[in-house]
There are 2 protein chains.
Amino acid sequence: MHEDFPRIDPIRLLDDLKTLRSFGATGPGVVRLSLSPVDIDARRWLAGRMTDAGLDAAIDGVGTVFGRSRKPGPALVIGSHSDTQPTGGWLDGALGVIYGLEIARALGECEATREFAVDVASWIDEEGTFSSFLGSRSFVGDAIDDSLRSARNHEGLLLGDALAQAGLANTPRVTLDRKRQRAYLEPHIEQGGRLEASAKLIGVVTTIVGIREFQLRFIGQRNHAGTTPMAIRRDAGAALVAFIAHIDDAFGRLADADTVWTVGRIDLDPGSFSVVPGKAVLHLQFRDANPNRLHAMENALVALVDEWNGQHLVRAELIACEGAEEPVTMDAALQQHLAQAADALAPGQWMHMPSGASHDAQVIAQHIPACMLFVPSIGGVSHDFIEDTAEQHIVLGCEVAARAAARIAGALRR
Amino acid sequence: MHEDFPRIDPIRLLDDLKTLRSFGATGPGVVRLSLSPVDIDARRWLAGRMTDAGLDAAIDGVGTVFGRSRKPGPALVIGSHSDTQPTGGWLDGALGVIYGLEIARALGECEATREFAVDVASWIDEEGTFSSFLGSRSFVGDAIDDSLRSARNHEGLLLGDALAQAGLANTPRVTLDRKRQRAYLEPHIEQGGRLEASAKLIGVVTTIVGIREFQLRFIGQRNHAGTTPMAIRRDAGAALVAFIAHIDDAFGRLADADTVWTVGRIDLDPGSFSVVPGKAVLHLQFRDANPNRLHAMENALVALVDEWNGQHLVRAELIACEGAEEPVTMDAALQQHLAQAADALAPGQWMHMPSGASHDAQVIAQHIPACMLFVPSIGGVSHDFIEDTAEQHIVLGCEVAARAAARIAGALRR
């Protein structure tokens, strides 16, 4: 019987996911920080499983595990990251890596696709233990010399020393071969509650949203909270609270349903019951898929600060922070392949959606066509020990990703 | 020539104030924490100056300097505190102590008042380095055993050990003799900007305001700030900010011009750009001279929390904190003496006003009639190195206080 499409092995898929989970397992979650001993152990195991699958696999000079198909190109790269947050879940990143491994095996086992080249990657340090997206940035040729020289983890360990301890100091780094590697697919858990709320099982990502981060500082007059009448106070904390309402008004008028903004931190100085705050700082982040809307929100913020300073004695200052990221659109043709695979295997149960979180795909999409597929996160929870996805949804996601990968790899050859 | 009223010596007054300032002088300010070596040195000097003035003076078993007049009672006690905040000004507390010393001298030098008894005190630890109002609480017989056993300063030194180091372990404590000590006068800097704003030079205190302190905690759902749409967030920080507007509305309706309320601290958890806060806490203090208004504000707060919890998914919790103080009314007859002295020496330049700050007078007023006189604070600043009062205002304040003391001491004898 001729099979048009590869078939994944659900038992093998789940077994590999659960074995990867065992590296750093902590209760239901995982603690597997980039380049920690347990992360290196996991990478060695992963390179071994890739080798078992017929790939030429190795850990490269920054820690990325790369399994190169022995088939000639053009190749589809499938991957994600296997490092975790300090209190990580078992699927964030790991899911996309093991999907890649399983899809490489499944295509190799299917008559129609066995000549297709699928390279598999686990990019190092997506989570930024040392330097966010280090592996994917190194792969595409972005400058990472500053990170290699001076990035440190929370314990103060230099990235260079961590690589030396892992025996990677003189190991070559894998780099993008544009002639061979023509497309990138990153499967991932959603990390939000939108699929669940919409009763959908597959998300086809349209855009990875852009991010802006600002500090807003308010300079008033520190005073005794008992002896200073309300009428003559210049309370920096009260100004901060009033300003947040203006932000909510202005952003609410500009937003669509996917726009998000967050005040994640507030500090009042000196921070005691009996003192009217003389200084106050808030941390504001906003995200949107539309670069024009991000720009409009930024302009609105600048205008609010100007207007405020024209009307109030407590002075507001806007400080742009590092961490700005532009929205990245996923490749339309690749999205189409994902959509057709989802339509075939989960008709009526998939949707287009933006990614509110950052991913290695946004780095790689600057250089080759890239796409992402989401599976649901139970309760929308991620970066937490209790992060989870139903097993049948994990399997379905891999079936859709494999079908799409076969379509994409086939198209690359035409 | 017969003099009806005592005359203070401005040079002697200012010299003694400046000598006291030299103990712990730090730039224009003073660091003289309770029972520190420099504070003990200052207390020894002060006891010496009281002895020079003809008082029976000693440092008592908790560190209070008490100078007892050799005249038979009834006696007026005049005093304040000579300890400072960690970044203290030169006048806060010190002014009232040196006023007491100068007034005792001036009354003794005036024919009409030389038989009047004025006892002078510098109560230990008004500022709470170990335990607030320790000296005045000990004097009136309040229980201070817990403080003596377990109070520590910021460096972890036990109060008992600090007293032993100062050689005071077996020294008796001075206590209120109700038959002798019939009234208390505490002159003090205003510590606010009301006299200055009203172009007045003397404040006659009507009431020391009461204080309430609460924590308001908000319990929401911690979430990823990129993947969680605004519509399904339970943002504890946003709830906190919205709630503050309700507090301002409710308190604004209950307040008079002297009511104050302060949000002095806000903590969002976990406090990062990328996480929707799951928990948020604010510290709220309010003060008023009217116990009924304090009660109404407290009731309004409870009602706001109930109403909130009926309408929102983020839950609010109200936690009453230690540090509640009831308003304390100053004795009407003593206020009258201060007002008549001010009318004579600063006609049209004095006003009645509440004290927004706490003072030893509120402890002593529970046991004998008490009153307070304020002099202006430049820019309303206190608890800061730059705290100051114009020299002519210091002198005028002492003249008014001496005239009032003569009136009070005379009245006590009738």
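The backbone N, Cα and C atoms fix where each Cβ goes, and this holds for glycine too.
Remember, TrEMBL labels are computer predictions, not curated facts.
Annotated features, as they stand in TrEMBL:
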| type | residues | note |
| --- | --- | --- |
| BINDING | B:His81, B:Asp92, B:His188 | Zn(2+) 1 binding site |
| BINDING | B:His81, B:Asp92, B:His188 | Zn(2+) binding site |
| BINDING | B:Asp92, B:Glu127, B:His383 | Zn(2+) 2 binding site |
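Feature map: TrEMBL annotations on the structure.
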residue	record	DSSP class
B:His81	Zn(2+) 1 binding site	coil
B:Asp92	Zn(2+) 1 binding site	coil
B:Glu127	Zn(2+) 2 binding site	coil
B:His188	Zn(2+) 1 binding site	strand
B:His383	Zn(2+) 2 binding site	coil
Name, in order along the sequence, the binding-site residues among B:His81, B:Asp92, B:His383 with a Cβ closer than 8 Å to any chain A Cβ.
B:His383
Just the number: how many Å between the Cα atoms of B:His188 (Zn(2+) 1 binding site) and B:His383 (Zn(2+) 2 binding site)?
13
Go through B:Asp92, B:Glu127, our binding-site residues, and report the one whose Cβ sees the most other Cβ atoms within 10 Å.
B:Asp92
For the binding-site residues B:His188, B:His383, which one has its C-beta crowded by the most other C-beta atoms within 10 angstroms?
B:His188
Distance check, please: Cα of B:His81 (Zn(2+) 1 binding site) against Cα of B:Glu127 (Zn(2+) 2 binding site), rounded to an integer number of angstrom.
8
For B:His383 (Zn(2+) 2 binding site) and B:Asp92 (Zn(2+) 1 binding site), determine the Cα separation and express it in whole Å.
8
Other residues, Cβ within 8 Å of B:His81, B:Asp92, B:His188 Cβ centroid (Zn(2+) 1 site):
B:Ser80, B:Leu91, B:Gly93, B:Ala94, B:Leu95, B:Gly96, B:Glu126, B:Ile189, B:His359
Can you tell me how many other Cβ atoms are located within 10 Å of the Cβ belonging to B:His81 (Zn(2+) 1 binding site)?
28
C-alpha spacing of B:Asp92 (Zn(2+) 1 binding site) relative to B:Glu127 (Zn(2+) 2 binding site), in angstrom:
10
Using the Cβ center of B:Asp92, B:Glu127, B:His383 as the Zn(2+) 2 site position, which other residues in that chain lie within 8 Å, going by their Cβ?
B:Thr84, B:Gln85, B:Gly88, B:Gly89, B:Gly93, B:Glu126, B:Gln191, B:Ser382
